[in-house]
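Novice: Dumping the structure here so I can ask a few things about it.
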4 protein chains.
Amino acid sequence: MEIEIATIGGYEEVGRQMTAVRAGDDIVIFDMGLNLSKVLIHDNLQTESMHSLDLIDMGAIPDDRIMSELSGEVKAIVPTHGHLDHIGAIPKLAHRYDAPIVGAPFTIALVEDQIQDENKFTVNNDLVTMEAGETMSIGDHTELEFVNVTHSIIDAINPVLHTPEGAIVYGLDKRIDHTPVIGDPIDMDRFREIGRDGVLCYIEDCTNANKKGRTPSEAVAREQLQDVMHSLEDFDGGIVATTFSSHIARVSSIVEFARDIGREPVLLGRSMEQYSGTAERMGAISMPDVDMYGHRQSVDRAFERIMNEGKENFLPVVTGHQGEPRAMLTRMGRGETSYDLEQGDKVIFSARVIPEPTNVGQRYQSETLLGMQGARIYDDVHVSGHLSQEGHYEMLDALQPENVIPAHQDMKGFSGYVDLAASQGYKVGRDLHVTTNGNVIQLVE
Amino acid sequence: MEIEIATIGGYEEVGRQMTAVRAGDDIVIFDMGLNLSKVLIHDNLQTESMHSLDLIDMGAIPDDRIMSELSGEVKAIVPTHGHLDHIGAIPKLAHRYDAPIVGAPFTIALVEDQIQDENKFTVNNDLVTMEAGETMSIGDHTELEFVNVTHSIIDAINPVLHTPEGAIVYGLDKRIDHTPVIGDPIDMDRFREIGRDGVLCYIEDCTNANKKGRTPSEAVAREQLQDVMHSLEDFDGGIVATTFSSHIARVSSIVEFARDIGREPVLLGRSMEQYSGTAERMGAISMPDVDMYGHRQSVDRAFERIMNEGKENFLPVVTGHQGEPRAMLTRMGRGETSYDLEQGDKVIFSARVIPEPTNVGQRYQSETLLGMQGARIYDDVHVSGHLSQEGHYEMLDALQPENVIPAHQDMKGFSGYVDLAASQGYKVGRDLHVTTNGNVIQLVE
Amino acid sequence: MEIEIATIGGYEEVGRQMTAVRAGDDIVIFDMGLNLSKVLIHDNLQTESMHSLDLIDMGAIPDDRIMSELSGEVKAIVPTHGHLDHIGAIPKLAHRYDAPIVGAPFTIALVEDQIQDENKFTVNNDLVTMEAGETMSIGDHTELEFVNVTHSIIDAINPVLHTPEGAIVYGLDKRIDHTPVIGDPIDMDRFREIGRDGVLCYIEDCTNANKKGRTPSEAVAREQLQDVMHSLEDFDGGIVATTFSSHIARVSSIVEFARDIGREPVLLGRSMEQYSGTAERMGAISMPDVDMYGHRQSVDRAFERIMNEGKENFLPVVTGHQGEPRAMLTRMGRGETSYDLEQGDKVIFSARVIPEPTNVGQRYQSETLLGMQGARIYDDVHVSGHLSQEGHYEMLDALQPENVIPAHQDMKGFSGYVDLAASQGYKVGRDLHVTTNGNVIQLVE
Amino acid sequence: MEIEIATIGGYEEVGRQMTAVRAGDDIVIFDMGLNLSKVLIHDNLQTESMHSLDLIDMGAIPDDRIMSELSGEVKAIVPTHGHLDHIGAIPKLAHRYDAPIVGAPFTIALVEDQIQDENKFTVNNDLVTMEAGETMSIGDHTELEFVNVTHSIIDAINPVLHTPEGAIVYGLDKRIDHTPVIGDPIDMDRFREIGRDGVLCYIEDCTNANKKGRTPSEAVAREQLQDVMHSLEDFDGGIVATTFSSHIARVSSIVEFARDIGREPVLLGRSMEQYSGTAERMGAISMPDVDMYGHRQSVDRAFERIMNEGKENFLPVVTGHQGEPRAMLTRMGRGETSYDLEQGDKVIFSARVIPEPTNVGQRYQSETLLGMQGARIYDDVHVSGHLSQEGHYEMLDALQPENVIPAHQDMKGFSGYVDLAASQGYKVGRDLHVTTNGNVIQLVE
C-alpha cells in the first residue's frame with residue numbers, strides 16, 4: 001500500500017499545524033491550525049470575515065493547495081487538542097473536505113465554538129467525539145486510534161493511523177507527564193505496544209527540541225504555585241493571577257490555592273470564561289461556586305463588587321499573561337478597570353513569556369504599567385507543555401520508528417532534534433526527514 | 001552608645017564576606033570568608049601554606065587592616081553558616097583576634113575542619129556552639145542572638161546584635177522557606193518581634209537582588225528532583241547525580257529518591273564525604289547504610305564494586321556540579337575512573353551553573369566530555385538558596401530597619417536592591433548605605 | 001566659598017537630566033531634560049498641554065522641587081546639546097527661574113523650537129548663544145566656559161564652572177573623537193589645562209560605563225556606511241536609510257554616499273526635516289539641493305514623485321530607526337505610504353536599537369513588516385556617541401578631579417564606572433559620589 | 001555525465017571541511033580540514049603522531065570512508081585556503097589518494113608546513129601551485145578554475161569545476177570585499193559570467209548565515225584599528241596587540257599603525273612567526289625590518305630587549321586572541337614572560353571571541369589575568385571573514401545555481417540560509433539540499 005505524508009503547515013513555524021497522511025486511497029488530516037502572530041502583526045484584522053486565500057497568503061493558515069497532489073479521499077480531519085495552532089484554521093479550511101472532524105470531547109467542544117464564530121464560511125462537517133483509547137475504521141485496511149497524552153490542555157491525544165505497512169504516529173503536542181494534575185498520565189505502555197508492532201513513521205513535536213533534560217510534570221508547576229500562593233497567606237492586599245486560559249489544570253490549581261489562603265477566585269476575561277466554562281459544563285472539571293465572567297459588562301461589575309467587598313477577599317484570575325495589549329491584565333495596568341492596584345499588590349504570572357521580541361516587548365510594557373501602579377511581579381511560575389530532549393529519546397525508544405519527521409518548529413528548532421535522532425542512528429536523507437511546508441514524503445511506493 | 005559598621009569584605013563581590021560591628025567598646029565580627037575564584041584563577045596554589053597578606057593582595061580573603069580604625073575590643077567572631085565564602089578565611093585571620101568563634105553546631109564543625117587543614121597559622125580561638133534561638137552576652141549592654149533562617153546548608157542563622165540603640169541584624173545568607181526539607185522553617189515571627197522592638201540597621205544578602213519574584217522553597221527542588229528521578233524508574237543503565245556537597249537537604253533527597261527507584265546511593269568525592277559525614281556524625285541527618293567515600297583509593301574501589309555488581313543497581317552522588325576540572329564527575333567524563341559511562345546513561349545536575357564565564361566554560365567542557373561518552377544531561381534541577389526581590393520586601397516589612405546596607409554583591413548586584421529599597425522610602429546618602437569594601441559607616445555618634 | 005551639587009534628574013535613568021551647581025550665592029543649572037519613554041508608555045499623551053507637576057509624577061521631567069534647598073540665585077540654565085533628554089523639560093521648568101538659557105548655537109535653535117511647541121507655559125527666559133571656547137561671568141568670582149566636545153549631534157559642549165575652589169566640569173554627553181565628520185575634534189588640550197589648574201568635581205556621562213574599550217570615532221561609522229552603500233552601487237531597486245534625525249554628521253554622510261552611487265537623497269519625516277533644516281539654515285552644514293519634507297502632505301507628494309520618476313534614482317532618509325509605531329519607516333512597512341517596497345529592496349538602519357524591551361519589540365515588528373514586503377535589512381551601521389571605559393580613564397587622567405559624580409545612568413549603569421574610578425584611587429563614600437535623584441552633595445562647606 | 005557530491009565533513013560543524021565532487025569518472029576533493037576543538041578538549045593530545053582512524057573517531061578529521069561509494073578516480077585535492085579547518089587533515093588523509101594537491105601559492109606553502117610536522121604518515125602527493133584566474137584540466141571533459149575571493153587570509157580562492165552538466169562552484173570560505181587591504185577584490189564579474197554559463201550546483205559557506213546585513217570590508221577593520229591605535233599616540237606605557245596569526249592583512253595594518261605612533265612592531269609566538277614569515281618569504285607582503293620570533297628562547301630574548309630598551313618604544317603582536325591557555329598573551333597575563341605589564345597598559349584584541357563556552361571561558365580567564373596586572377582591554381577591533389545574509393543573496397543572484405548545498409555549519413547554522421534560499425525560490429527536498437556529514441547527493445544520474 002502506498003503511504004505518503006504531506007507536510008502542509010507547521011514545518012517552518014510554531015503555528016498553523018497541518019499534516020495529511022495518505023494510506024492507499026484513504027487520507028487523514030491531522031490538525032488545521034492558525035498562526036496567530038501572523039494575524040496580530042496587522043492592526044485590527046477581523047479574521048472571522050476573511051477569505052482563506054488571504055489568510056494563506058499572510059501565512060496565517062496552512063496552504064492546503066498541496067492536497068491536490070495526493071490521490072485519495074479525505075476520510076477524517078483529526079485535531080489533536082484544542083489549541084488554536086491546531087484547530088484555528090478549521091473554520092476556514094474544513095468545509096473543502098467531505099469528511100467528519102474527529103476529536104476528543106473537549107477538543108470538539110472548542111471546535112464547535114470556532115465554527116460558531118466564523119462569518120465567512122459555513123462549516124457543515126460532522127463533529128465526531130472519540131475518547132483516548134478508542135479506535136475508528138478509516139477505509140478497509142486502516143484504523144485510527146487515539147492514545148492518551150499529557151499537554152497544557154485537557155483531552156490531548158496523539159492519533160495513530162494503523163496501516164498494513166505499520167503505524168503512523170502523529171506526536172503533536174505533548175510532554176511525558178506521569179503525575180498530571182487533571183486526567184490520566186501519558187499512556188507510555190500503549191506507545192511501547194505500538195512500537196513492538198512496528199511503526200512506519202513518527203511525526204514529532206519539536207517545540208523544545210533544543211532544550212536539555214526533561215520537561216517537568218504539572219505536579220512541579222503546582223508545587224511552585226502552592227509555594228508562591230501559600231507564602232502570601234498573611235498578605236492583606238490585592239493578588240491577581242494570570243495564566244493560559246486553556247490550561248484547565250493550572251487554572252484549577254490557582255482556584256484551589258486561592259481558597260487555601262482564604263480568597264474567592266474569580267475568572268475574568270472572554271477566553272478565561274470560555275475554556276473553563278466549557279470544561280465545567282462538560283464535567284471535565286468541577287469548580288463549584290467559582291464565578292466566571294467573559295463579557296465586558298459583567299467583568300466590570302465583578303471588579304466593582306471586588307472593590308466594594310474588599311479586594312483582600314478575592315483573587316481574580318485574568319487574561320493577559322503575554323502582555324497582550326487588549327487583555328484584562330494590561331487594562332488593569334492602564335487603570336482602565338475599576339480594580340484599584342496599589343503599592344505592594346501582587347501579580348502572579350503562571351506562564352512564561354514566549355521568547356519572541358514582540359511578546360517580550362508587550363509583556364515588558366504590561367509589567368511596567370503594573371509596576372507604575374505599585375504592583376509586584378511573580379514571574380514564570382510555570383512548566384512547559386512540550387517534550388524536551390529526554391522525552392524525545394524516550395519516545396524514540398518506545399516507538400522504534402522506521403522513519404522520523406520533525407515538526408512544530410522551523411529549521412533552527414529542528415536542529416536539536418536532528419542531532420539527537422542522529423545519535424540514535426537515524427540519518428538525514430534516509431530515514432530522518434528534515435522538511436519544510438508544502439512537501440510530500442513518499443514512505444512506501 | 002557609638003555604633004559603627006565596618007564593611008570589610010564581600011561588598012564588591014560574592015565571596016570573602018566580613019563585617020564588623022562596634023557597639024561602644026565591643027566589637028563583633030560577622031563572617032570571615034574566602035573568595036575561591038581568586039585562588040583558582042592561579043594554577044595550583046596551595047592556600048593552606050600561604051600567608052594572609054598574600055591572600056589579601058590577591059583579593060582572596062578580606063582585607064581586615066581596616067579593623068585598626070575601630071576603637072574597641074573584638075568579643076566574638078560569628079560565622080553565619082558553613083559555606084567557604086563565610087568561614088574560609090578563619091584559618092588565616094581569626095588568630096589575630098583574642099575572641100571566641102561562635103556559631104551553630106554544623107558551622108562550628110566545619111570551622112574545625114578548616115582549622116585542621118591550615119598549615120601556616122595556628123588558630124587557638126575558642127570554638128563556641130550556640131543554637132538558633134539562643135543568646136549570649138557581648139559586653140554589658142549588648143547581646144548576641146541567633147535567629148533561625150533557611151539556606152542551602154543546614155544550621156544557617158542570622159545573628160542579631162541587640163544594642164541600646166536598637167538591633168543590628170546581619171542578614172547573610174538566606175531565603176524565606178516555610179517548607180525546608182530538613183530543619184525548621186525560617187523564624188519570621190522572631191524577625192517581626194525584633195522589628196517591633198526597633199532595628200537600627202539591617203545588612204542584607206543581595207545575591208539575587210536583581211531577580212523578580214520569590215525564591216522557591218526547597219520543597220520545589222525536591223519535587224523537581226522526584227519528578228526527574230521517578231521518571232527513570234524503569235531505566236536500567238547508569239545514573240549519576242551531582243550537587244553542592246554542603247547542601248545536606250538536597251543530598252538527602254537524592255538519597256531517598258535513589259532508594260525509591262531501587263538503587264543504592266553512594267556518596268563519592270572528598271567534600272561529599274566531608275559534609276554529609278559530618279552532618280551524620282552530628283546527628284543532623286540520618287543516612288543509615290549510605291556509603292560515603294572521600295579518599296581517592298576508596299572511591300576507586302567503590303567504582304570498581306559498582307561496575308562489578310552492575311551499575312544499574314547504584315546511584316553515585318559525586319562532586320563536580322560546576323565542571324571543576326579535578327572533581328569526580330569531570331574525571332568520569334575524561335574516563336579516568338573505572339565507572340564506565342555508556343550511551344544513554346544519565347547525569348543529573350541538581351545545581352545551577354554559577355553565571356560567570358570561567359564556570360560556564362568548565363561546565364560546558366565537563367558536559368561535552370560526558371556527552372562524548374554518551375551521557376545525557378538533566379540540568380538545573382535546583383532552586384537558589386538566596387532571597388529574591390519579594391523576600392527582600394518581606395524582610396524590610398518585618399524588620400522596619402532605620403538603616404539598610406546592601407551586601408554580598410558588587411555595585412551592579414546592589415542595583416536591584418537600591419531600587420526596591422527606594423520604593424519603600426529609603427534614600428541613598430541618608431539611610432540606604434551603598435558602599436564598598438573597606439568603609440566604616442557611623443550609625444550613632 | 002560653599003560649593004554644592006544638586007543631582008536633580010538623570011541619576012536613576014538615562015533621560016530627564018538636570019543638575020544644579022551652587023557656588024556661593026550663584027547657581028547654574030545644567031540641562032533640563034525629558035525622559036521620553038515615560039511619556040510613550042501611556043497612549044496618546046500630549047505633553048505640550050500638560051502641567052509640569054503631572055510630568056514630574058510620571059517621572060518624565062526632573063523633580064526640581066529640591067532646588068528650594070539651595071540658598072542662592074539661579075544665574076544661568078545651560079543645556080549642553082540639543083537632545084531631548086537634555087533640553088526637553090525646558091518648556092515646562094525654565095519659566096520658574098529668572099535666568100537666561102545659555103547654549104551653543106544649534107542647541108539654542110532647538111530650544112527655540114521646543115518653546116514654540118509648548119502650549120501650557122509661557123517661557124520668556126532670554127536665549128543666549130555662546131560658542132565652544134568662550135566664557136561668561138556668573139557672579140563676581142565664578143565663570144562659565146564651554147569646552148568643545150564630540151557627540152552624536154553637532155555643537156555639543158561640556159560646560160565648566162570655574163570657582164575659587166576649583167573647576168566644576170559637567171561632562172555630559174560625549175565621546176572622545178579626534179576625527180569627527182563635522183566640526184572640530186574634542187578639545188582634550190583644554191581639558192588637560194583645566195586639569196592642571198585644579199578640578200574640584202567632575203560629573204561624568206556613564207551611559208556606556210559598562211562597555212570595555214574605546215568608542216570609535218564617527219569616521220568609523222562613516223567607513224561602515226560607505227562600505228554598505230558603495231556595495232549597493234549596481235543595485236537597481238529601492239534603498240531606504242534611517243538614522244537619528246538629530247545626528248547631522250550621519251545624515252550628511254548618507255547624503256554624500258547616496259550621491260556617490262547615483263541616487264538623489266530626500267529627507268522625509270517631521271524631525272528629519274526639523275534638525276537638518278535648522279542645521280542648514282544656521283550654516284552648520286551645507287546640503288545644497290537636498291529636498292527635505294516634514295509635513296504629511298509634502299512627504300506624501302515626495303513619495304509619489306519618487307515612485308513616478310523611479311525609486312532606483314532616489315534614497316529616502318526617513319525617521320523610524322527604533323521602529324517607532326508612527327514613524328515614517330514603520331508606515332512604509334505597513335504599506336501606508338505610496339512608496340512601493342518590493343522583494344529585495346534594502347533598508348539601512350544607521351542606528352542601534354536601544355536595548356530596552358519595548359524598543360526591541362517595536363523594532364522587531366517594524367523589521368517584520370518591512371520583511372513581509374520583501375525588504376532586506378542592514379542593521380547597526382553605527383557607533384555610539386558616548387564614552388566607553390577607556391574614554392573615562394582618559395578623562396580622569398586629563399582632569400585629575402578631586403571628586404567624581406557618575407551620572408546619566410542608574411545604579412547598575414554606574415557600576416562599571418565605580419570599578420574603574422576605584423582602580424584609579426577614588427573611593428565610594430569619600431570622593432566617588434554614588435548617588436540618586438534628589439540629593440545635595442556638599443563639596444566645600 | 002553523472003554528477004555526485006559527497007558531503008564528507010563540515011556539514012555538522014565549523015571544522016574538518018571535506019567535500020568530493022564526482023563528474024563521470026573523475027573526482028575532485030575540496031578541502032581536508034581539522035576540527036581543532038575536538039582535539040583540544042582532550043588534555044595534551046599530540047595529533048602529529050596519531051592515526052587517522054582515531055582522529056576520525058574523535059570527530060577531529062573528516063570520515064572519508066564514504067569515498068568508497070564514489071566510483072571514480074581522485075584527480076586532485078584542492079584546499080581553498082590555508083586555515084586549519086581546510087588543510088589540517090591533509091597530513092592524515094591525503095596519502096590515501098594518488099592525486100596532486102592543488103592550491104594557491106600561500107595555501108600550498110602552509111600545506112608544506114603541515115606535511116613537514118607530520119610524524120605518523122608520509123605524504124608524497126605532488127604539490128601544485130595555481131593562481132586565481134588560472135585553470136587546469138581534470139580528465140577529458142572537466143576543468144578546474146580558481147576564482148579570486150576575499151577572506152581573512154591571503155590567497156583564498158573558490159574552486160569551480162566546469163563539467164558538461166554545468167559548473168560546480170565550491171564557495172568556502174569568503175566575504176564579499178571590494179576594498180581588501182591586501183590583494184585583489186573579490187572577482188564578482190567572473191562569478192556572474194560563470195552564472196550566465198550555467199551553474200549546476202553551489203556549495204555555500206554558511207558560517208554567518210544567521211546574521212543580517214553585510215559583512216564589512218577589511219577596510220572597516222582597518223579604520224577601527226587606526227582609530228584605536230592613533231588614539232594611543234601620546235600614551236607612554238606598554239601596548240600589546242593580538243590577532244589571528246594567519247590574518248596577514250590585519251597583522252600588516254597593526255604593523256603600519258604601530259609605526260605611525262612611533263613604536264617598533266615585533267611579532268611574537270610560533271604561529272605568528274610562521275604565517276607572516278611565510279608570507280614575506282613568498283613576497284606576498286613586504287614587512288621590512290619587522291622582527292618575528294617563534295621559538296621560545298628567541299621570544300624570551302625579544303621580551304628582555306623590549307624591557308631593556310623601554311616598552312614604550314615597542315608594540316608586541318602576539319598569539320592568544322582566544323585566551324588559549326598556552327599562547328603568548330595568556331603567558332604574559334600569568335607573568336610568565338619578562339614583559340612587565342603595569343597599571344594602565346593596553347591590550348588590543350583585533351579578534352572576536354568565538355562564541356562557544358570553552359573559548360568564552362578561556363578568554364575571560366586571560367582577560368582576568370591581564371586585568372589583575374593592570375592591563376586594559378580593547379576588544380573586538382575586528383570584522384568577520386565570512387559572508388552574512390546579504391552576501392548570500394548576492395552570490396545566489398550572481399550564480400543563479402540550479403542546486404544549492406549549505407555547508408560550513410550545523411543544522412542550526414544552516415537555518416538562516418534555508419530561509420533566505422527559500423525566499424529566492426529554492427525548496428528543501430528539491431534543489432536546496434539540507435544535509436549532514438557522510439551523504440552522497442546525486443545531481444545528474
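Note: Cβ is positioned from N, Cα and C throughout, glycine not excepted.
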Novice: Please identify which of C:D57, C:D63, C:D173 is recorded by TrEMBL as part of the Zn(2+) 1 site containing C:H81, C:H83, C:H151.
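Specialist: Among C:D57, C:D63, C:D173, only C:D173 appears alongside C:H81, C:H83, C:H151 as Zn(2+) 1-binding in TrEMBL.
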Novice: To which of C:H408, C:H433 does TrEMBL also attribute binding of Zn(2+) 2 at the site defined by C:D85, C:H86, C:D173?
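Specialist: Answer, per TrEMBL (Zn(2+) 2 site with C:D85, C:H86, C:D173), from C:H408, C:H433: C:H408.
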Novice: Please report the number of other Cβ atoms within 10 Å of the Cβ of C:V383 (substrate binding site).
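Specialist: I count 23 other Cβ atoms within 10 Å of it.
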Novice: Same chain, not part of C:D85, C:H86, C:D173, C:H408: whose C-beta falls within 8 angstroms of the C-beta centre of the Zn(2+) 2 site? Give them in sequence order.
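Specialist: Not counting the recorded site residues, we get C:G10, C:V14, C:G15, C:Q17, C:D31, C:G33, C:T80, C:H81, C:H83, C:L172, C:D205, C:T207.
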Novice: Would you mind sorting out which of C:D173, C:H382, C:V383, C:S384, C:G385, C:H386 (the binding-site residues) have a C-alpha within 10 A of the one on C:H86 (Zn(2+) 2 binding site)?
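Specialist: So the list is C:D173.
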Novice: Between C-alpha atoms, which of these binding-site residues comes nearest to C:H386 (substrate binding site): C:H81, C:H83, C:H408?
Specialist: C:H408
Novice: Among the binding-site residues listed here (C:D85, C:D173, C:H408), which has the Cα closest to the Cα of C:G385 (substrate binding site)?
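Specialist: Spatially nearest to C:G385 (substrate binding site) by Cα position is C:D173.
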Novice: By the DSSP assignment reduced to helix, strand and coil, which category contains C:H81 (Zn(2+) 1 binding site)?
Specialist: coil
Novice: Please work out the number of neighbouring Cβ atoms within 10 Å of the Cβ of C:G385 (substrate binding site), leaving out its own Cβ.
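Specialist: C:G385 (substrate binding site): 26 neighbouring Cβ atoms within 10 Å.
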Novice: Since the record lists C:H86, C:H151, C:H382, C:H408 as binding-site residues, which of them has the fewest other Cβ atoms within 10 Å of its Cβ?
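Specialist: C:H382, out of the binding-site residues C:H86, C:H151, C:H382, C:H408, has the fewest neighbouring Cβ atoms within 10 Å.
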Novice: Considering Cα atoms only, can you say which of C:H81, C:D85, C:H151, C:H408 is the nearest neighbour of C:V383 (substrate binding site) among these binding-site residues?
Specialist: C:H151
Novice: Take the mean position of the Cβ atoms of C:H382, C:V383, C:S384, C:G385, C:H386, the recorded substrate site. Which other residues of that chain put their Cβ within 8 Å of it?
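Specialist: Neighbours found: C:S152, C:R175, C:N208, C:T215, C:P216, C:A221, C:R352.
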Novice: Three states by DSSP: which one describes C:H86 (Zn(2+) 2 binding site)?
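Specialist: Note: C:H86 (Zn(2+) 2 binding site) is helical by DSSP.
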Novice: From the binding-site residues C:H83, C:D85, C:H151, C:D173, C:H408, pick the residue whose C-alpha lies nearest to the C-alpha of C:S384 (substrate binding site).
Specialist: C:H151
Novice: Measure from the Cβ of C:H386 (substrate binding site) and count the other Cβ atoms within 10 Å, all protein chains considered.
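Specialist: The Cβ of C:H386 (substrate binding site) has 22 Cβ neighbours within 10 Å.
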Novice: Other residues with Cβ within 8 Å of the Cβ centroid of C:H81, C:H83, C:H151, C:D173 at the Zn(2+) 1 site?
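Specialist: Along the chain, the qualifying residues are C:T80, C:G82, C:H86, C:S152, C:I153, C:A156, C:L172, C:K174, C:G385.
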Novice: Within the domain 'Metallo-beta-lactamase' (C:15-232) only, compute the mean pLDDT.
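Specialist: So the average pLDDT across the domain 'Metallo-beta-lactamase' (C:15-232) works out to 96.
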